[in-house]
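Down below is the structure, laid out as structure tokens.
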Amino acid sequence: MRALRRLIQGRILLLTICAAGIGGTFQFGYNLSIINAPTLHIQEFTNETWQARTGEPLPDHLVLLMWSLIVSLYPLGGLFGALLAGPLAITLGRKKSLLVNNIFVVSAAILFGFSRKAGSFEMIMLGRLLVGVNAGVSMNIQPMYLGESAPKELRGAVAMSSAIFTALGIVMGQVVGLRELLGGPQAWPLLLASCLVPGALQLASLPLLPESPRYLLIDCGDTEACLAALRRLRGSGDLAGELEELEEERAACQGCRARRPWELFQHRALRRQVTSLVVLGSAMELCGNDSVYAYASSVFRKAGVPEAKIQYAIIGTGSCELLTAVVSCVVIERVGRRVLLIGGYSLMTCWGSIFTVALCLQSSFPWTLYLAMACIFAFILSFGIGPAGVTGILATELFDQMARPAACMVCGALMWIMLILVGLGFPFIMEALSHFLYVPFLGVCVCGAIYTGLFLPETKGKTFQEISKELHRLNFPRRAQGPTWRSLEVIQSTEL
């Protein structure tokens, strides 16, 4: 609680979190969820547009194909954005990268807003690709920016705010997409274009806030700018100790250049970090949480929830993830990262198993549908308290300043690739396994919990230098000398 009070007292840091989040991971969650409400309206618009051009309506299977393209272009854009994030973070800095990233949102909002008037569903497709690029960049750079700007005792909580804004974006998108608001047949272009609002808020607020002190000192070599940023972020406290830590980290990175993504896989000194990033990053996307959202509507419908009320029940699922993200942010610096990950995956295994049994027994015992409905909420709560937020800060905490942008690129690209694969494969898994569709996902949850327990070191309350030393000891258990991956040549550039 002392750390939480310090966060509240550090008003500039709190404002930085809000400004980065509203135009960052909030956009990811918001654009992920708002596309669900106008599904039928956009399909009708696509069919009508095609008929106006050719004189013939589109066959049903082609309408579905067009819709699948509109949905799938979002994660594809996210993949491009993730690959763009590393070079942007190094060339422009963390803060400027987030600001420049809004170009994609503004362009997409214009395309969405005028798509119906122009009679072009292609504008919707291009807009979805652009908001995907925006999400891919922000999902990587925001945790990096906030993790580098926070003091070590608040680093986990501050970085976890990315998960809070993602969940908040999902809920806000579900609310704005209600039929009573912008989810109607006439307002859907405004619904899609509403992503401009959080982008405008970030453009108005983030320029007034400081850049990452670590970037200013280690990448730019500007001690005065670093000290000025620290003074604004920390207030009137003593900065000597933190500045000394930053100087030590700068000395450790002296003579090094920024790592390229493929170089992370070539060095034994980064073996455990990269393995943890790949295993736990894949587990977060393959654990079945996104599939729970996809399956929720049918479970609520079978449980007797009126069709008109299902949209409100879906908002409840998003609210669960938001609630647990807030709880996780509060407790992460008390219980640590490992406990949240192990506990989250273990609880997901438990609730997923009960959910599978409930689906199998629904024909014999109708009341098990209510049990399945409860398991959906419990599964989402368990995901939100652990994997949803903690996984996102691994790239920031496990890698040093020179490897961090490349690690974020790898983590982000992996996340979007897995999201695409799950989106493509889930319908076939559902058809092939029926009520047992969650068995593969449960296996992933078990593996995630076991890997965390055996191989992931705790980073709570440690400086980046302390984390690097511990990981070096784990990667080279029989050797005590300094890291072997440092270059002897002094390289001024940090270009990827």
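Including glycine, each Cβ sits where the backbone N, Cα and C put it.
Between the stretches 129-149, 213-233, Swiss-Prot puts its transmembrane segment entry on 129-149. When ASN47, ASN289 are compared with the annotations in Swiss-Prot, the one labelled N-linked glycosylation site turns out to be ASN47. Topology note: ILE124 and GLY336 are separated by the membrane (different topological domain names in Swiss-Prot). Annotation for ASN47 (N-linked glycosylation site): same-chain Cβ neighbours under 8 Å, separated by at least 6 residues, are PRO57, LEU58, VAL63. For the transmembrane segment (129-149), the most Cβ-contacting stretch among 62-82, 158-178, 188-208, 339-359, 436-456 is 62-82 (pairs under 8 Å). For the topological domain 'Extracellular' (33-61), same-chain residues at least 6 beyond its ends with a Cβ under 8 Å from one of its own Cβ atoms are 67, 70-71, 74, 116, 119-121, 124, 128, 169-174, 176-179, 182-185, 188, 191-192, 194-195, 311, 318. In this chain, the transmembrane segment (339-359) lies apart from the transmembrane segment (158-178): fewer than three C-beta pairs between them fall below 8 angstroms, excluding pairs fewer than 6 positions apart.
Distant neighbours of the transmembrane segment (158-178): 7, 13, 17, 21-22, 24-34, 36-38, 139, 142-143, 146-147, 149-150, 191, 194, 198, 311, 314-315, 318-319, 321-322, 325-326, 328-329, 332, 384, 388-390, 392-393, 396-397; these residues of the same chain sit at least 6 beyond its ends, with a Cβ under 8 Å from one of its Cβ atoms. A Cβ distance under 8 Å defines the sequence-distant neighbours of the transmembrane segment (365-385), meaning residues of its chain 6+ beyond its ends; these are 163, 167, 287-289, 292-293, 295-296, 299-300, 302-304, 316-317, 320-325, 327-328, 340, 343-344, 347-348, 351-352, 354-355, 357-359.
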